[in-house]
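Working notes for the structure below.
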Amino acid sequence: MRKQLSKVKLICGENKLVKLSRGERISGEWRKTSIKQRERVMVMESASLLSVSVSVSAASLSRLKPLGGRSCININVGLATSTKQLRSSYFPTNKSSSFTIRNSSPSASAQTQTSTSNDSPVSGNAIRRRFLNFFASRGHTILPSSSLVPDDPTVFLTIAGMLQFKPIFLGKEPRNVPCATTSQKCMRTNDIENVGRTARHHTFFEMLGNFSFGDYFKKDAILWAWELTTKEFGLPPEKLWISVFQDDDEAFSIWHNEVGVPEERIKRMGEEDNFWNSGATGPCGPCSEIYYDFHPERGSSDTDLGDDSRFIEFYNLVFMQYNKKDDGSLEPLKQKNIDTGMGLERMAQILQNVPNNYETDLIFPIIERAAHMASISYAEADDATKTNLKVIGDHMRAVVYLISDGVMPSNIGRGYVVRRLIRRVVRTGRLIGITGDGQGNPDGAFTPVLAETVVSLSVEIDPDVFMRKTAIVEELKREELRFVQTLERGEKLLDQFLADALTQEKPCLSGKDAFLLYDTYGFPVEITAEIAGEMGVTVDMKEFEVEMENQRKQSQAAHNVVKLSVGNDMEIAEGIPDTEFLGYDSLSARAVVKGIVVNGDPVQHVSEGSEVEVLLDRTPFYAESGGQVGDNGLLYSLGDGNGKPQTIVEIKDVQKSLGNIFVHKGMVKEGSLEVGREIDAAVDAKLRQRAKVHHTATHLLQSALKAVTGPETSQAGSLVSFDRLRFDFNFHRPLTEDEITEIEALVNHWIGEAADLATKVMALADAKKAGAIAMFGEKYGEQVRVVEVPGVSMELCGGTHVSNTSEIRGFKIISEQGIASGIRRIEAVAGDAFIEYITSRDSYMRQLCTMLKVKAEHVNARVESVLEELRATRNEVSSLKSKIAVLRASSVASKAIVVGPNNIRVVVENMDDTDPDALRTAAEFLTESLQDPVAVILGSVPDEGKVSLIASFSPGVVKMGIQAGRFIGNIAKLCGGGGGGKPNFAQAGGRKPENLGMALERAKEELVAALSPADAVQR
């Protein structure tokens, strides 16, 4: 098998580092020793860890050149493309010292995790596993991280570990487990300016958490936190400080009396620091934090836990025990909860004994790769360069995970966050000296190369990142190369701003302009100030800070609060069980009315004409989810013995609320309805079939897309309705006509195979192992429903589907378009909607054939012929208009006035309704016929509400410093418009025809004044 060379590190038990890098030879005495004495070394892989035992002679080790207390050599090591295969290399031996080798190649297989010490109990991966296993052994269920794109519409990005449990904390969803533990991917952008400048601020980070949903509470949470911190992770108790809410005597007592923390190391703090609020109302409670003391020798008097040079807060325990009401008062929650968060990067900094989070094995491999690409050494770099490298390391993690979770760069919403972070990376990379792709191609992109390193670090965080690597890398490449052009435009804009500033008495660049360069073009204000200073221009930093503060406030308001509230929904649903869904097997059922809601309030009875929401104990109606719309149908009850409905409620929509309660929305058409009555529920079978057809067709469409465009294409949203389907997907360009045809052909081929669908319920982990695809935006429990079209598609899906693909009958794509940067949308029809679409298109074609008097197969040729005739006619009309304009201009030439000693001929004329092209021809004719020097201004009203203006100046006029573009632009403003062009010729327009006469008079006055101070002479 072909081998690949990978960069790896060897860590010696004597704290000596051996670096192995691609293509470098062994040098000096070490090389001589390695030639004379070699020993076979076996490379093997276990549990995603690649390790090698190396025996090195003590004599050889002593000959290594020390580098800052470390020793360094370079050796080529061949790593198998399959790490499970044994590979060997040779190293010198004599008296041995033991080494461990780990793969840290950025391009290594995702099965081989990169870290400073993967087999070390203090590696980032090990800390994560130890935390989760600690709580798993204490009854917690380990749950996966949720997406960075939250289901909660009130939250921009996932900013906390508790976010996925918000519905449980609110009581809107039942708890599936009494307590859980997670490692959650998180994103915050409100502190972006602190990234790289402090030891602990990040955009992307991992939050380890343990959660109790009405199970254990304060005492157990505190005792376990202490045991985890001091026993499992081995932190010295004397280096730990505690903060508690100022009124939380219970927490203080537990820490002091039961844990044994001295009183002087327990700080009571105010509401701002140690009382957690989810919002103006809702669940809240005191919190307690654990701090690590890097300098205990400073003593305990006058201690400030906010001193970042001494302390780092790494574990926060929230005791969710109150509900804050509208009047601000607190009432105890019926179910007290625990929500904790431990920053993985912060704990890694402590345990790995490094000066900041960035130098942990979670981020530092990215920084090292960037430094190598810039041909610099992180260890020898100045503080500014280190900060820039940290920014790159942080932001690259963020953009890789965001793109993996379906957020593509754009100018709005979450997409703008991705775009802004990528721009900061590109700008910063150029600043530290990375050119092109950092590997010798000056026209290439370097972010995809760094992304390879991020992906290699992602295995234990989110395995899906590796599966989406190709799409991530391609998106980064496109975005970086696009931004390089933007960056160049920004540099030109800065030059323009500085040129304008130099015209001032005291040259100063406005703060707004500096912020525009910073926010839109990625220019750090420090660089803007430095460049400006070289030209003698200052920067209005106060105004810049005002702009920055406005942005921070907007960012914090939008992104940094998880809002929880306990409102009417809870009261309405109290005592109402989850709705039993029967709709997979039946379209009708008997049910009992459990609740009725009118205008948001619960009622016991409704009468005819009322808009209602009905809650049933069981239902055949499908509630909107997974992109599929809710069913339509009827709720009814029969009269006594006559077989006629006594009550009819027409249902137009069904939604899920408070977890799994189905809300049937409709209108009482006949009779009345009251809580407790038994009724019949009947789904509209025709509409359900249309939804089923479109849902299964959506699955087939996704498989066809992957087959035609590549497996990295992924879903970004969907709609399954009665009349069509809509499918959004991540792709960087429009589909070609051939690709659309191929996709349609594939889907219709699968429809024609008449395959039976298989549905089964299985464990989520088993479904993923089997290759099932998760639907975008859906949340899944431990047990999931899998829908399979054998050999074609397998997806996790709770929607309704046909039994056999032949029921779909036919499939047709009706549109394909871009809806955002990197996001395409397909709309299609199937089943009855397909027949209706084809029938209507056939009707249009027959009408067209009748109008053109040709057969269908000749329509294209006939349309081309008609269009050609139309083009010829338009050209003839345009030519005639131009001739008429020239004739009109000939008469206008006699109205020219001569001004100044240079005898400059000036023509300013209203050409009535002459169109813009003819107006241009007339101006050119006048300029040529009157000869240099001449200045021509013509105006017209070609259409209602439109003004057209032309300025044509001969070379002699331009040499006098009068430019057509600037002159006509100012005149156009009088007509409610604008425009410009070259110094000798320019066009403009406006929206106020009533001002044209006045504008032309102004033009004549200004032109005469500019060309000569002497009076004009009529000739």
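Please read every residue number as a count from 1 along the shown chain.
Placed from the backbone N, Cα and C atoms, the Cβ positions cover glycine too.
Residues or ranges marked as Zn(2+) binding site in TrEMBL: His695, His699, Cys797, His801. The coiled coil annotation in TrEMBL covers 856-890. Residues or ranges marked as compositional bias 'Low complexity' by TrEMBL: 104-117. Annotated domain 'Alanyl-transfer RNA synthetases family profile' per TrEMBL: 122-840, in sequence order. What TrEMBL records for 96-123 is region 'Disordered'.
The Cβ neighbour count for Cys797 (Zn(2+) binding site), using a 10 Å radius and every protein chain shown, is 27. Sequence-distant neighbours of His695 (Zn(2+) binding site) (same chain, six or more apart, CB under 8 Å from its CB) are Gly627, Gln628, Val720, Leu725, Cys797, Gly799, Thr800, His801, listed in sequence order.
Apart from His695, His699, Cys797, His801, the residues listed for Zn(2+), the same chain places the Cβ atoms of Lys692, Thr696, Thr698, Val720, Val787, Glu795, Gly799, Thr800 within 8 Å of the centroid of those Cβ atoms. Other C-beta atoms found within 10 angstroms of the C-beta of His801 (Zn(2+) binding site) number 25, with every protein chain shown included.
Averaged across the coiled coil (856-890), the predicted model reaches a pLDDT of 85.
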